[in-house]
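Participant: One structure, pasted below without further comment.
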């Protein structure tokens, strides 16, 4: 239901084809499942399912956009004006064959050359995955609150978008927890930083230099100007609050670490990259969830232990791109505690800054065992290592200085 902001989400159990057929029968439109006024009245190729050569003519089995699979039809090549979809079809077929799964692509039955069923099945799965990932990418970019783009890529396997993950831009507090607390006034600076600027009022130095790069050591807090401050949006002490400045790609790793994140742009040393967000819960609730997550083999619990261990961030179901960042024993990101519109030392915002220059295409990582990130694990099966877990989990980060285990 559009615009609903309840705490619980119930996934639809009906298949996409069932929903499409229902919409068509009732003459309803639904853009999210591909049913528009145009598709109700016309035929548009969604993807190609199969291929055959009959009497010297090439035919493709077509899945029509907005129509159920029961409406698929064989169409001659000359009727199809979808070069990109044909290119995807041929690439998927060749990819399947190159992996040694099938010897010959075609077999002859009654003088009709056809693809082997296993190949056609793989091609359909890849086509559905491509559509699902594209829709997920569009959803992520609709929900984000920063200008940089989020891309999604999987060239490794048939895994699609996570089924129980909801993108958020800021903390989602559990009932009774106030993550906006303590700010009643701001600085009066005309040009930050000044003697009365926010960091100095808190007893610390300004975290950024004139190039808006981090200049403090790990372990020190960052105090940014807040919504009460006189300074404008271009203030050099407003960095984390502006959101991720770099276009990033959520991608499927090829060594069993699940999803990961890579940058599409060069990131200079000491630059802000992203925040770690999720549900803010009590440590007691985190302990309860942690036991459940251990049984499932994963968890995303991040202790907010800057001043105490009263609260924890859980990014298992609600989070942003940082949900998919993997561990490394030689990371290129470092955790910092940030205070902006909340001065409660128990509830810092968690920001990830680059520790060195990061090249375009390089995977982003941080050390799950660094201070402030104990009990945090990745999306993958190998990166699942809460601090209280008895079983030691082998690390697959591949770093020269790899500790061998995540815990």
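Glycine too: its Cβ is placed from the backbone N, Cα and C atoms.
Take a look at what TrEMBL says about it:
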DOMAIN    43-101  domain 'Chromo'
DOMAIN    185-243  domain 'Pre-SET'
BINDING   187, 198, 225, 229  Zn(2+) 2 binding site
BINDING   187, 189, 192, 197  Zn(2+) 1 binding site
DOMAIN    246-369  domain 'SET'
BINDING   257, 258, 259, 326, 327, 368, 396  S-adenosyl-L-methionine binding site
BINDING   329, 395, 397, 402  Zn(2+) 4 binding site
DOMAIN    391-407  domain 'Post-SET'
Participant: Using the alpha carbons only, what distance in Å do you get between residue 229 (Zn(2+) 2 binding site) and residue 197 (Zn(2+) 1 binding site) once rounded?
Facilitator: 9
Participant: Of all the binding-site residues given, namely 187, 189, 395, 397, 402, which is spatially nearest to residue 326 (S-adenosyl-L-methionine binding site) at the Cα level?
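Facilitator: Spatially nearest to residue 326 (S-adenosyl-L-methionine binding site) by Cα position is 397.
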Participant: Sequence gap of 6 or more, C-beta under 8 Å: which same-chain residues meet both conditions with respect to residue 189 (Zn(2+) 1 binding site)?
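Facilitator: In sequence order, the residues whose Cβ lies under 8 Å from that of residue 189 (Zn(2+) 1 binding site) (at least 6 apart) are 196, 197, 225, 229, 230, 231.
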Participant: Within 10 Å of residue 402 (Zn(2+) 4 binding site) by C-alpha distance: pick out those among the binding-site residues 257, 259, 396, and say none if nothing qualifies.
Facilitator: 396
Participant: Given residue 395 (Zn(2+) 4 binding site) and residue 187 (Zn(2+) 2 binding site), what distance in Å do their CA atoms have, once rounded to a whole number?
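Facilitator: Per the Cα atoms, residue 395 (Zn(2+) 4 binding site) and residue 187 (Zn(2+) 2 binding site) stand 46 Å apart.
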Participant: In whole Å, note down how far the CA of residue 187 (Zn(2+) 2 binding site) lies from the CA of residue 327 (S-adenosyl-L-methionine binding site).
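Facilitator: Each residue's Cα considered, residue 327 (S-adenosyl-L-methionine binding site) and residue 187 (Zn(2+) 2 binding site) end up 38 Å apart.
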Participant: Note the Cβ centroid of 187, 198, 225, 229, the recorded Zn(2+) 2 site, then list each other residue of that chain whose Cβ lies within 8 Å of it, in sequence.
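Facilitator: Neighbours found: 186, 189, 192, 197, 224, 226, 228, 230, 231, 235, 237.
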Participant: Could you round the CA separation between residue 187 (Zn(2+) 2 binding site) and residue 259 (S-adenosyl-L-methionine binding site) to a whole angstrom and send it over?
Facilitator: 42
Participant: Measuring CA to CA, name the entry from the binding-site residues 192, 258, 368 that ends up nearest residue 329 (Zn(2+) 4 binding site).
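Facilitator: Checking each of 192, 258, 368 against residue 329 (Zn(2+) 4 binding site), the shortest Cα distance is to 368.
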Participant: Could you tell me how many residues in the domain 'Chromo' (43-101) are helical, how many are strand and how many are coil under DSSP?
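Facilitator: The breakdown for the domain 'Chromo' (43-101) reads 22 helix, 22 strand, 15 coil.
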Participant: Could you tell me the mean pLDDT over the domain 'Chromo' (43-101), as a whole number?
Facilitator: 92
